[in-house]
Amino acid sequence: MIKASDFGPDFLWGVATAAPQIEGAADLYGKGTSIWDSFTNRKGKIKNNHKLGVACDFYHRYQEDIALVKLLGFQIFRFSISWPRILPLGRGEVNQEGIRFYHHLINECLTQGITPYVTLYHWDLPQALEDEGGWTSFSINAAFNAFVSICALEYGDKVKNWIILNEPFGYTSLGYMLGIHAPGKTGLSNFFPAVLHTALAQAEGGKILRAEISQANIGTTYSCSEIIPYTQSENDLLAAKRVDSLMNRLFIEPALGLGFPTADWDLLEKFQIEYGTWRLNDRMKFDFDFIGLQNYFPLTVKFNAFIPVIQAWEVKAKSRKKPHTAMGWEINANSFYNIVKQFAAYPNVKNIMITENGAAYHDKLIEGSVVDAERIEYFELYLAALLKAKNEGINISGYMAWTLMDNFEWAEGFNARFGLVHTDFKTLKRTIKYSGYWWQEFLRN
Ligand code: BGC
């Protein structure tokens, strides 16, 4: 049986969350409207038309929730700062009540002996900035930099661990290409400028923190998925390379100073030429102290000429009769091991932290308990795969489980439950699941 101590005495253990998914108080205490507030008001965008209004009510219950983090035995609490709570219109006037809230939250973590890891952007862009084009507009960079400076100056003496962006590929693809996340935009003419401004933001944000905060430990996060060709046919192999360039390489390579990954896909080559991105390679570069990896599934892909642009198609876990979570995501711990190794192979990646990993299941609260044996098994498999990578000499310094408690799972609303703690969204009562107790036991040993 795997134990936390197998990872060594310095290994860091945490749980991750994000402001829009847990905070609630969505239109209270001076907070401005975010693109997710607007998106949830558009009919049919979110399952069951769930809204963000109260979410887990973390805004009012953060003390109790930090106590849960501690009770489960974690050292780190990862949360995000809501940009529109600090700057209701995205720039300009600062909302002092928002500033105070994060001071209280940080102080509470420190008082309870929990180390805060703060994400600066976890997808809740101020709507006022989206009205100017959001991530597609060049003006976003100055606005983001100003927001980063405010956070650094306010909190930098207490918070040393920072994450610039959460999953840039996630929000640029789902929000600006496929339209299934906020702000609901589609097409390459939105996607490419959003990619470029995002790649600039991650590096510029890092540089600001480096200049403003002494002894800062600065990272950013990337979603990652092993891309597995369905067959060894040349077409499938090339399709897998295109998907890999898009899903795994698009943002880390500019940060490492390599520019956008144009070699395996002529479309990215065109993007580079059309936007002259090579001229910005230096601006997109930043020497991160750690790279945050977030893994949920591998993708098996097949060439398909009818799929526009990418000409690749996912062969779902279900149709291949593979084990999968309630999201339909394949459970494959070996693919986690493989993708961690893929990222670790970049010569300039010094240190990797797993900043999210977890699974949704159809949890049921029965007589006060949630017996989520599948989630426990998931963590056992994934942690064993991580330990294998670590024991082979990869510099992995920590792991954060997604997530503390069931919360607002974006387009899935409150239906997809990823928490170690069950949330009753009517009463807001928290109940530790069996997996939460499993973690408590695991971290004791
Ligand atoms: C995001 C989280 C999300 C999780 C599960 C990640 O992409 O960072 O906000 O809840 O995956 O879908």
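Glycine too: its Cβ is placed from the backbone N, Cα and C atoms.
What TrEMBL records for the substrate site is His122, Asn166, Tyr296, Trp402, Glu409, Trp410, and among Gln21, Gln232 the residue it adds there is Gln21. For the recorded site, Trp402 (substrate binding site), the DSSP three-state label reads strand. Highlighted in sequence order, Ala18, Trp123, Glu356, Thr403, Phe418 have their Cβ within 8 Å of the centre of the Cβ atoms of Gln21, His122, Asn166, Tyr296, Trp402, Glu409, Trp410, the residues recorded for substrate, and are not part of that set.
Taking the Cβ of Asn166 (substrate binding site) as centre and 10 Å as the limit, one finds 24 other Cβ atoms among all the protein chains shown. In this structure, the CA atom of Tyr296 (substrate binding site) is 8 Å away from the CA atom of Glu356 (active site, nucleophile). For Trp402 (substrate binding site) paired with Glu356 (active site, nucleophile), the C-alpha to C-alpha distance reads 5 Å. If you take the CA of Glu167 (active site, proton donor) and look 10 A around it, the binding-site residues you hit from Gln21, His122, Glu409 are His122.
Neighbours of Glu356 (active site, nucleophile), defined as other CB atoms within 10 A of its CB across all chains, total 25.
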